[in-house]
Amino acid sequence: MGQDNISQVTEFILLGLSDTQELQLLFFTLFLLAYAMVLLGNLLIIVTVRTDPKLSSPMYFLLCNLSFIDICYTSVTIPRVLVALLSGHKAIAFEGCMAQLFFLHFVGSSEMFLLTVMAFDRYTAICRPLHYTAIMARGACWALVAACWVGGFTHSIVQTVLILQLPFCGPNTIHSYFCDVPPVVRLACADTTLTEWLMASNSGLISLGCFLVLVASYALILAKLRAHLSQGHWKALSTCASHVMAVTLLFMPCIFTYLRPAGTLLTSRYVCVVYTIFSPMMNPLIYTLRSREMKESMWRLWKR
């Protein structure tokens with residue numbers, strides 16, 4: 001069949017998490033509460049860090065940027081899901097789907113890079129304390145954050161361009177609640193083997209590479225702390241453990257989803273909930289409740 005005879009898909013249908021009316025109401029409530037927690041928790045962190053001069057260390061500067069990224073990340077998917085659950089309108093225009101996919105990977109990969117930078121910050125503070133101020137100077141922090149955003153943009157634009165080269169002429173039903181690379185690629189009317197491997201080597205290797213760097217940095221921190229188990233080092237060890245839990249919630253589902261060709265295995269739509277909703281919701285709790293300085297600053301802000 002010639003290319004001229006192929007009708008271009010103009011919209012996709014997002015099936016969501018369930019077709020049952022009662023479950024849709026339950027999911028709407030859970031998604032709304034999760035989004036409210038993400039917004040309130042991360043906005044509180046941003047305001048606290050920006051208004052308290054005592055929180056001027058690189059760690060809190062990076063945490064403030066992580067909170068901003070989490071707000072952007074969840075805002076790419078959750079508002080659209082809430083509208084669909086409330087109205088029952090599951091269609092999304094082709095252009096809107098591509099835009100959602102682009103911004104999802106742009107912000108998501110930027111968060112992965114930023115978490116890697118935060119692990120490097122903790123490694124430098126614990127393992128090289130005498131050089132910490134020089135290594136993590138304010139200018140270096142801004143450069144690292146800018147590099148995270150540039151890396152995220154580069155990754156996302158490559159993903160989007162690869163998908164835009166594919167023809168979509170047949171099925172337009174996406175078995176998920178948002179547009180993502182694996183379910184969209186499966187709908188292409190062409191042999192996507194090469195494209196799938198290119199995308200797996202892009203998204204999958206970025207997820208795996210950042211995760212391995214994170215694990216290595218925390219392993220070095222653990223080796224450093226093992227010989228000095230004072231009260232302060234126990235606190236640092238406990239903080240690192242909570243950070244490892246946070247990054248595992250984000251990276252393991254992403255590695256499972258992206259480090260393979262899109263057509264080899266259907267990704268459960270419930271796995272996506274972990275890294276698009278649950279992980280950003282937990283980040284404010286994990287990264288602030290372990291910090292006495294942050295809790296004290298929040299209390300002072302509340303009293304003002």
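Just so you know, glycine gets a Cβ as well, placed from its N, Cα and C.
The annotation transmembrane segment is assigned in TrEMBL to 25-47 (among others). Among residues of the same chain six or more beyond the transmembrane segment (25-47), those with a C-beta under 8 A of the stretch's C-beta atoms are 16-18, 63-64, 67-68, 70-71, 74, 78-79, 81-82, 85-86, 277-278, 280-281, 283-285, 287-288, 294, 298, 301.
Residues or ranges marked as domain 'G-protein coupled receptors family 1 profile' in TrEMBL: 41-287.
Packing against the transmembrane segment (59-78) from elsewhere in the chain are residues 31, 34-35, 38-39, 41-43, 45-46, 49-50, 100, 103-104, 107-108, 110-111, 114-115, 117-118, 121-122, 125, 138, 141, 145, 177-178, 276-277, 280-281, 283-284, 287-288, 294: each is 6 or more residues past its ends and has a CB under 8 Å from a CB in it. Here TrEMBL flags 59-78 (among others) as transmembrane segment.
Summarising the annotation, TrEMBL assigns transmembrane segment to 98-120 (among others). Sequence-remote contacts of a segment are chain residues at least 6 beyond its ends whose Cβ falls under 8 Å from one of its Cβ atoms, and for the transmembrane segment (98-120) they are 59, 62-63, 65-66, 69-70, 72-73, 76-77, 80, 92, 144-145, 147-149, 151-153, 155-157, 159-160, 163-164, 178-181, 184, 203, 206-207, 210, 213-214, 217-218, 243, 246-247, 250-251, 254, 275-276.
Among residues of the same chain six or more beyond the transmembrane segment (141-164), those with a C-beta under 8 A of the stretch's C-beta atoms are 58, 61-62, 65, 98, 101-103, 105-111, 113-114, 117, 181, 184-185, 195, 198-199, 202-203, 206. Under the heading transmembrane segment, TrEMBL lists 141-164 (among others).
Beyond the ends of the transmembrane segment (204-225), by six or more residues, the same chain brings 109, 112-113, 115-116, 119-120, 122-123, 126-127, 155, 233, 236-237, 240, 243-244, 247, 251-252, 254-255, 258-260 to within a C-beta distance below 8 angstroms of the stretch. Among the features that TrEMBL reports, transmembrane segment is placed at 204-225 (among others).
According to TrEMBL, the feature transmembrane segment maps to 237-259 (among others). For the transmembrane segment (237-259), same-chain residues at least 6 beyond its ends with a Cβ under 8 Å from one of its own Cβ atoms are 108, 111-112, 115, 118-119, 122, 180-182, 199-200, 203-205, 207-208, 210-211, 214-215, 218, 221-222, 225, 229, 267, 271-272, 274-275, 278-279, 282-283, 286-287, 290-291.
With a cut-off of 8 Å between Cβ atoms, the residues of this chain six or more beyond the transmembrane segment (265-289) that come close are 15-17, 31, 34-35, 37-38, 41-42, 44-45, 63, 66-67, 70, 73-74, 77-78, 104, 108, 175-178, 180, 182-183, 242-243, 245-246, 249-250, 253-254, 256-257, 295, 298. TrEMBL lists 265-289 (among others) with the feature transmembrane segment.
Restricting the average to the domain 'G-protein coupled receptors family 1 profile' (41-287) gives a pLDDT of 85.
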